[in-house]
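Feature annotations, reproduced from TrEMBL:
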DOMAIN    57-264  domain 'ABC transmembrane type-1'
DOMAIN    359-549  domain 'ABC transmembrane type-1'
TRANSMEM  7-25  transmembrane segment
TRANSMEM  64-85  transmembrane segment
TRANSMEM  97-119  transmembrane segment
TRANSMEM  139-159  transmembrane segment
TRANSMEM  199-226  transmembrane segment
TRANSMEM  246-265  transmembrane segment
TRANSMEM  299-321  transmembrane segment
TRANSMEM  363-385  transmembrane segment
TRANSMEM  397-418  transmembrane segment
TRANSMEM  424-445  transmembrane segment
TRANSMEM  485-508  transmembrane segment
TRANSMEM  528-549  transmembrane segment
Amino acid sequence: MPRAGRAALIALPLFFLGLFFYYPLAGLVMRGLTGPAGVSLSQLTRIFSDGYLRHVLLFTVEQALLSTLASVILGFFLAYLLTAYDFPGKRLLRSLLIVPFALPAITVALGFILVFGNSGILNRWLMTLFHVQSPPLPILYSLQGILLAHAFYNAPIVARFVAAAWERIAPDYEESARALGAPRWRVFSDITLPMLMPALISGATIVFIYCFLSFPIVLTLGGARFSTIEVEIYRRAIIQIDSNGAAALATVELLIALLFTMSYLRAERYYARHLRLTTHRPTRPLFTGLSSLARPSHWLIYAFLALSALLFIGPIAAVVVDSFTRTWQNQTIFTLDWYRAILQPSYSALIASSPLQSVGNSLSFAGVTMGLALTLGTILSVALARRRFAGRGWIETLAMAPIAISGVAWGLALLWAFVRPPLALSGTWGAIVIAHTALAIPFVIRAIRPELERLEVHLVEAARSLGASRARATRDIVLPLIRGGLLNAAVFAFAISIAETSATIMLAQPGLLTMPVAVYYLLASRQFGAASAMSVLLIAVITLSFVLVDRLGERTLRGGKV
């Protein structure tokens, strides 16, 4: 392809991001800098001078730091178990690490209400066991509830980062130190931990960003006492109709998130440069017979596995059970009423839409988002992985920036940017697809770019020298070699779209509601059974979609049959 053609191709995703991401974002920032006397910093300085807003800002940072600490502790121990031991259920535990990418946060919040709420399964059991009248563990509507839910949602991210690094560290350093007489704790502190620090910092930084920008979990589990910047933006924009105040808060939030995003990208690049890889890291069996159960050194591990099962499986299992049960005459009975309610095609006043239509909307938005994000992200991945040019670092930063924007702020930015012709997109399906696509592009790049960087260029050059066209070489050589990255990118894009809640709440009009937003409205109206049924349907749709995307991708890239 001529150089002009390549430049035009790269310009396509940059044009999309410029028009549909940076233009709305610039409008949001300008609105945040606009006061009664025009453009000034008065709106921003008011945030730091107002006692309530200062408290909201400090609490947002506090809960993000504590949530990150809890996620790091839990995730690090999970990573240790996965890399050091073989045990029954290890494959299941690895599968649970996909939770953050497969479940909407509102579904997680619902599960925690059902298990840890004042009338939840755990408190009811404890009240019966100890014969008390009040809940022994009032976790709901407290900081502890927020931290628990964030740890559930984000500990798997830390575990994935750390386990991937741990499994690839060559064991000869540790073996040499042990052979020289160093105790295990010294080997870990002086050798293993420093080699894991880049991955640990990367995981902790991305978790801090997610907790700092968290919306559905804090809104649902925090109650009126615990408000973060994200929740306050929503209240000011939707309830108080204070658009300038909401924009100013969003600007401060964006600056803090961008700072941590840049730190994350730097830590990730350092990790990629300095990690020494190995193809195999030996593990040892955790359970070697009944005698192993009596070892005090294993008791902590067994207790941790039991706690992990309660924390990771309990909320989801509670949602499934709740969707099939109801209380009648003080007895819990099996029912399908909740599924009949959400599968009706008629209008429901509770969600201002048809429940069945929300399923179709979610699938439609996710399908279009997957196609757009995969196309635009692949073009950027090729440019960043295969070319060295002036401004390459800036393009990478611009492409990854959507990670740093909150869903609520992003939804408001789009809502305010395109209210007039020629791009009157507010309130349309196009605005929702644009919002989802911009959020998915960074994850598509992260999935495809490493595959392209590992691609052996001489194979393509050999095919070209034998007369194959660029299109033929791409189809027959490049695509099969990066197939795994493309399929992962497709799954990530689909999952991000179908699970996105915050921006969609801001953008969706009646008739355009998605499944996670329907769950939120049902939960807000205290229809727990219907919310659970919709959540189970959402989990089933995500699981089935992952399988179909994988198989259809294999068919497209291999030219075979499903």
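All residue numbers here begin at 1 and follow the chain in the order shown.
Keep in mind that glycine also has a Cβ here, set from the backbone N, Cα and C atoms.
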Quiz item: Is the transmembrane segment (397-418) close to the transmembrane segment (246-265), in the sense of at least 3 CB pairs under 8 angstroms with a sequence gap of 6 or more?
Solution: yes
Quiz item: Can you find at least 3 Cβ pairs under 8 Å between the transmembrane segment (528-549) and the transmembrane segment (424-445), where each pair is 6 or more residues apart in sequence?
Solution: no
Exercise. Report the listed stretch (7-25, 299-321, 363-385) having the maximum count of Cβ pairs within less than 8 Å of the transmembrane segment (64-85).
Key: 299-321
Exercise. With Cβ distances under 8 Å as the criterion, find the stretch in 199-226, 299-321, 363-385, 424-445, 485-508 that has the most pairs with the transmembrane segment (7-25).
Key: 363-385
Self-check item: Of 139-159, 199-226, 299-321, 485-508, whichever stretch has the most CB pairs under 8 A to the transmembrane segment (363-385)
Solution: 485-508
Exercise. For the transmembrane segment (397-418) and the transmembrane segment (139-159), check the count of CB pairs under 8 Å (sequence separation 6 or more) and say whether it reaches 3 or more.
Key: no
Quiz item: Sequence-remote contacts (6 or more beyond its ends) of the transmembrane segment (139-159), Cβ cut-off under 8 Å?
Solution: 63, 66-68, 70-72, 74-76, 78-79, 82, 96-100, 103, 105, 108-109, 112-113, 116-118, 120, 200, 203-204, 206-207, 210-211, 214, 217-218, 221-223, 225-226, 311-312, 315
Quiz item: What else in the chain is close to the transmembrane segment (199-226), if you only count residues 6 or more beyond its ends and a Cβ gap under 8 Å?
Solution: 59-61, 63-65, 67-68, 71-72, 75-76, 104-106, 108-110, 112-113, 140-143, 145-146, 149-150, 153-154, 157-158, 160-162, 164-166, 234, 253, 256-257, 260-261, 263-264, 267-268, 271, 275, 403-408, 501-502, 520, 523
Quiz item: In the same chain, which residue numbers or ranges, 6 or more beyond the ends of the transmembrane segment (485-508), come under 8 angstroms Cβ to Cβ?
Solution: 101-106, 215-216, 230, 234, 237-238, 362-363, 365-367, 369-370, 373-374, 377-378, 406-408, 410-412, 414-415, 426-427, 431-432, 435-437, 439-440, 443-444, 447-452, 479, 514-517, 520, 538, 541-542, 545-546, 549-550, 553-554, 557
